[in-house]
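K.L.:
Before we start, here is the structure in question, set down as structure tokens.
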Amino acid sequence: MAASDSDDSLYPIAVLIDELRNEDVQLRLNSIKKLSTIALALGVERTRSELIPFLTDTIYDEDEVLLALAEQLGNFTPLVGGQEHVHCLLPPLESLATVEETVVRDKAVESLRKIAADHSTADLEAHFVPLVKRLASGDWFTSRTSACGLFSVPYPRVSSQVKAELRTHFRNLCGDDTPMVRRAAAGKMGEFAKVLELEYLKSDLIPLWTNLASDEQVQNDSVRLLAVEACVSIASILPREDLESLVMPTLKNAAEDKSWRVRYMVADKFTELQVAVGPEITKSDLAPAFQGLLKDCEAEVRAAAANKVKEFCENLPADVRETTIMTNILPCVKELVTDANQHVKSALASVIMGLSPILGKDNTVEHLLPLFLIMLKDECPEVRLNIISNLDCVNRVIGITQLSQSLLPAIVELAEDTKWRVRLAIIEYMPLLAGQLGQDFFDEKLNNLCMAWLVDHVYAIREAATNNLKKLVEKFGSEWATSKIVPKVVAMAQDPNYLHRMTTLFCVNVLAEVCGVEVTVSVFLPVVLKLASDAVPNVRFNVAKTLQKIGGLFDAETVNSQLKPCLDKLKTDQDFDVKYYASEAILVLTEAA
């Protein structure tokens, strides 16, 4: 019996070994994903003494298997006996942190950071820090890049002497011969800065950061790029009096870097930097730098800066906000409104309306409205959409009257544009516009426009117009639809043009559900039944399709007394399509009953 028990207890590890040696990658992957179950079956002692050493010895596999293993080990602390024994997980993760594939290394580092929190201070110094040092001085750049992500984790909890050793290792990595290692160090510098004592931040880290931010060893700009990200963390920690001398010269250089990618990163992080350095430096140094980025020769940089215009203006100190915007920012914005690149204009259009509450009514009317008008007529649909999407914040500042006098003519002009794609774009914005302008205003100024699209000569416009009506009814309610929309839809059933009579049917298809059963039975159904005897076969077979579509809204009595007799008649029609669709509809309605 004892031998049998022993066999049973060996079974999980035997299965694992078999599966991990199987030629099928998927089997090996599944086995790794079941590791925690196997560890539970083995118990903490055997997991430590057998499973972990076995895994450490077999780390030569496909990347996806190694990735799964790196992830699993991060959750293994309770399975090896908790805090007291967690350091036994370090060897396999150390090996994984040196492999060639980046995603595996990153996952191993993530798991190492996770289990570092489970180490006691003594174990951190005895086991974790030596691992960091080994990785940091490894022969292969892969291990040195992984080390960069581990310094900030043990640093706050170790002794002064160990802290000094960690700082020395990090300094060496920042000056490493391999660009990939310097890049990794630059990428992790911000988080290391957050745990450093202020004196070492100033004496050790900032000189390293300055060097990385002007890294010229290779033409690759990625090291300088990541140094910009670190700038946000460093600037938020330093006292104000040190910022001007220690950070700003490097930041100004980055804003004028010869690589557009570095300037792009500065633009992208600009408002975070603005918050970090505070109002005084924003006034003296950042406003001119921001101007430069808005005028950059590269479209990507201009777009990134344009995207930050509203936020930058909001964050300006109240005492100089309006002056700075009017003097420094608005002239650049005026140029960007007619930029040659549509991404730049689109980025600006998504935020420019937000300047309205900041500048107030008079400045909006005088300076911003003309810019909105230009952008509303832009050939790029995304630019127009971004302006229309944000009309409500201008509406709140200058009021609906002023807004309608200025911008509505431009919207109406676009709605009647000769290019049908432009008309289509405006239809798609209409529910949004209706919600922003309100029901009364919509009825007075835009309702007729929406109805006119239903009889457009382009099918795509008529189709979009019917879907637009549905969205408007969802926004304003069925009562509004009954008085403002339904009578006009019903009137089209008498139109001499058969295409317009068919549009009535399309409208019924989409409006029946949102208008409700009562309106559909009393108003729509008689119109549909009347069109069943239309002279044009296309209209008749669309009657059959419509009855099939809306049939589910009616009770059995209505279906049997009104819908089915109509469809039975259409089933004997001379036109093949009419007969086909009538038969289909009867079949569907019968099954539904």
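Every residue, even glycine, has its Cβ placed from backbone N, Cα and C.
Look at TrEMBL and you will find 12-50, 89-127, 166-204, 205-246, 247-285, 286-324, 329-367, 368-406, 407-445, 524-562, 563-593 tagged as repeat 'HEAT'.
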K.L.:
Which sequence positions outside the repeat 'HEAT' (89-127), separated from its termini by at least 6 residues, show Cβ-Cβ distances below 8 Å to it?
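P.N.:
Contacts of the repeat 'HEAT' (89-127) (Cβ under 8 Å, skipping residues fewer than 6 from its ends): 52, 55-56, 59, 63, 66-67, 69-71, 73-77, 80, 82-83, 134-135, 138, 140, 142-143, 145-146, 149-150, 153-154, 157-159, 162.
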K.L.:
Given a Cβ distance threshold of under 8 angstroms, which distant residues of the chain, six or more beyond its ends, lie next to the repeat 'HEAT' (407-445)?
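P.N.:
Cβ under 8 Å, 6 or more out: 369, 372-373, 376-377, 381, 384-385, 388-389, 391-392, 395, 400, 453, 456, 458, 460-461, 464-465, 468, 471-472, 475-476, 480, 484.
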K.L.:
By DSSP, how many residues in the repeat 'HEAT' (368-406) are helix, how many strand, and how many coil?
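P.N.:
Result for the repeat 'HEAT' (368-406), in helix, strand, coil order: 34 helix, 0 strand, 5 coil.
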